[in-house]
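Okay, structure first, notes after.
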Amino acid sequence: MESSVESSSVDIPPLSSRHHQPPPSLPHHVSASPFLTQQPNQPNNGPETSPIFNLKKIFDGFLPFIILALVKVGYDHRLGILIFFAMFGTFIYCNAKVQEVASPRHIVSVGLILFFNIFLLYLTFADQHLYKSLYFFLPSFPAVDLWTLLWIVGMNDFIIKFATIAIKLVIVCLPNRTICCRKKGQCYQLIEMASQSYRCLIPITPWFYFLFSNSENEGYILSTCLLIVYTICKSFDVYAKAKDLIKSISIFSNFQIYGSTPSAQQLAVYNNMCAVCHDAFVSPVQLPCGHIYCDECITSWLDRERTCPMCRSKMQDGPKWRDASTSGNLQLF
Ligand SMILES: [Zn+2]
Ligand SMILES: [Zn+2]
């Protein structure tokens, strides 16, 4: 222990000698040292004068009050916030479960959880008639303030997502002889795109009521301007969703294949054996990279991945939403 103290004292010059040395011109990274910045007569040329530092200082001053306000808002709306987290947790759980290949009992339990959540929400807030939003009417609220808007839009968004997962569960249950593996993936994609398009339209009515809430008084011009801006922004969103929906309908209606039919010679190179199922080829398909797989094997693979299982070359057609997953984005506007 003593030896270590002695060795360290050798490296550091005595304090008195350091006082007599003129202050060296230090590189920039050293000027950030707290010993230098705390000297009162030196001009502040360090990061303390930067706009970001000043903003941080202002923010630090407001921070306790922001936290106080958030705690108050959180307490006032504790029930709504708790329900939001419960719905979010249910969504995460059910969205993950629907993608797993599970037993019928397992599928029924996920379906019951979804149904129970939808039923409980509408029953608990029966006087609000939240379901009216589903056919573009305003639920029963005297006025639409920001919180009411978020409540209507957020809860109905969860309800539509739950219904979407429930419909996908029905497709999962269908045996492969009823609907082939390839069509299942495209079916999930079509359901998801239809659901996203519908979810995109649901917030329009509450938003119109929210933006037009003070239109009777002098705020008429402002409300009209806000409404025009909202309509313009929203039309871009609706257009993008409609485009995706049309594309998924066209993929679903055309019997799309991922590759071409290989020749007998090409099959012989692979000893007539699929690299995915390690069995004889069934309806073999050759990908653009040259590798050959069973139609069903490669379809179920490409519904989840974007690459060839062997050489990892990228496929042009992405598998978006073909794995039965549902978008977790909260459509609030
Ligand atoms: Zn195979
Ligand atoms: Zn390949």
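Backbone N, Cα and C define each Cβ position, glycine as well.
Annotated compositional bias 'Polar residues' per TrEMBL: 1-10 (among others), in sequence order.
Look at TrEMBL and you will find 34-47 (among others) tagged as compositional bias 'Polar residues'.
For the domain 'RING-type' (274-312), the model gives a mean pLDDT of 87. Sequence annotations record features per position, and here TrEMBL assigns domain 'RING-type' to 274-312.
Sequence annotations record features per position, and here TrEMBL assigns region 'Disordered' to 1-47.
Using a Cβ-Cβ cut-off under 8 Å and counting only residues 6 or more beyond its ends in the same chain, the transmembrane segment (81-98) has close neighbours at 74, 106, 110, 113-114, 117, 121, 154-155, 158, 161-162, 165, 168-169, 172, 324-326, 328. The transmembrane segment feature in TrEMBL is assigned to 81-98 (among others).
The transmembrane segment annotation in TrEMBL covers 107-126 (among others).
Long-range contacts of the transmembrane segment (146-174) within the same chain, counting only residues at least 6 positions beyond its ends with a Cβ under 8 Å from a Cβ of the stretch, are 77, 80, 83-84, 87-88, 90-91, 94-95, 98, 102, 104, 107, 110-111, 114-115, 117-118, 121, 130-131, 133-134, 138-139, 184, 187-188, 191-192, 195, 198-199, 202-203, 206-207, 210, 324, 326-327, 330-333. Taken from TrEMBL, the feature transmembrane segment covers 146-174 (among others).
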